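Asks: For His74, the entry in Swiss-Prot reads active site, proton acceptor, with the evidence type sequence analysis. Sequence annotations record features per position, and here Swiss-Prot assigns active site, tryptophan radical intermediate to Trp214. Residues or ranges marked as heme b binding site in Swiss-Prot (evidence: sequence analysis): His198. Under the heading site 'Transition state stabilizer', Swiss-Prot lists Arg70.
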Amino acid sequence: MNYPSVSEQKHRVFIIYSAYLRVQFRESARLAVSVRNKNYNLVRADLHNILPQKNTTVFKDGTLAPLLIRLAWHSCATYDKYTRTGGSNGATMRYHLEASDEGNVGLEVARLSLEPIKRKHPWITYADLWILAGVVSIEACKGPSIKWRDGRVDYEDDLLVPPNGRLPLGGGDASHVRTIFSRMGFNDQETVALIGAHSLGRLHHHRSGFDGPWTSNPAKCDNEFYKLLLGNVWTLVDSPTGRKQYVNSTGQVMMPSDMSLIEDANFRFWVDQYAVSEELWRDHFALAFEKLTELGR
């Protein structure tokens, strides 16, 4: 058998490597042009386009918005002000350690839904895209406009993934809620305002263990969550998975952590305020959510 000479082998390697460099150069040039031409308004438009969902078996309320808000929320809520770790930077939920946190079950659907937009606009980081998706979703559900700025980076490995257990748990009491939110840097007023996002979406037993909608219109961002907390008789029942949850006569549900907002005097003060004034809640929620998106930067 005749083997190629050393010079022939080198020539073949050179040809292959040259072809590889040409491909890399074209890709780098494409990305460079893309970055120069980056347009967040186009990304926003594409995000709006993916929100309506015809498959009401999977998306009972006909929209992807609540799930994208949850993705944005949870990607920020790992922040620890004491160690200055976690938060919206890094898009660390791409890695198994964070993706496997019990609080993030089901969010792979949200992440995968954003992949076509990421491929279309490769210049935007995952970290920025996830947060922008949440902001756009709030606005699409008639919620307040949220100030948003870019500049988040994607971590190249999982070395800076925050530990599991930092997300709020639905079965927690007022002490748990206050501990989790104060660790992120929120006071009681901001905490209650942020939890008002439970006006959107619904609980799924295969994700959280709880089941049912919080409000009568899970696709509308308003202050109904607070009104329902105060204006209903809530009965403690078992969810399909055996977790304790509260239900009213019309089928809305609350988790123990939700009910803690009217059991704790300091939290209750703000529930009362927001139930009366949607405008006040919208103003406070917009500021608190903006603060949430900036954690860890």
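Going from the start of the chain as shown, residues are counted 1 onward.
Every residue gets a Cβ built from N, Cα and C, even glycine.
Structural setting of the listed features?
Replies: In this structure, His74 (active site, proton acceptor) is part of a helix by DSSP.
Annotation note: Trp214 (active site, tryptophan radical intermediate) sits in a coil segment as assigned by DSSP.
Other Cβ atoms within 10 Å of the Cβ of His198 (heme b binding site), summed over all protein chains shown, number 25.
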Asks: When you measure from the Cβ of His74 (active site, proton acceptor), which residues in the chain that are at least 6 apart have a Cβ under 8 Å away?
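Replies: Those within reach of His74 (active site, proton acceptor), by Cβ under 8 Å and sequence separation of 6 or more, are Met93, Gly103, Asn104, Leu107, Leu167.
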Asks: Once near-sequence residues are set aside, which residues in the chain of Arg70 (site 'Transition state stabilizer'), 6 or more away, have Cβ atoms under 8 Å from its Cβ?
Replies: Leu107, Ala110, Gly201
Asks: Name, in the order they occur in the sequence, the residues of the same chain whose CB lies under 8 A from the CB of Trp214 (active site, tryptophan radical intermediate) and which sit 6 or more residues away.
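Replies: Looking at Cβ-Cβ distances below 8 Å from Trp214 (active site, tryptophan radical intermediate), excluding near sequence neighbours, one finds His198, Ser199, Leu200, Gly201, Arg202, Leu203, Phe225, Leu228, Gln252, Val253, Met254, Asp258.
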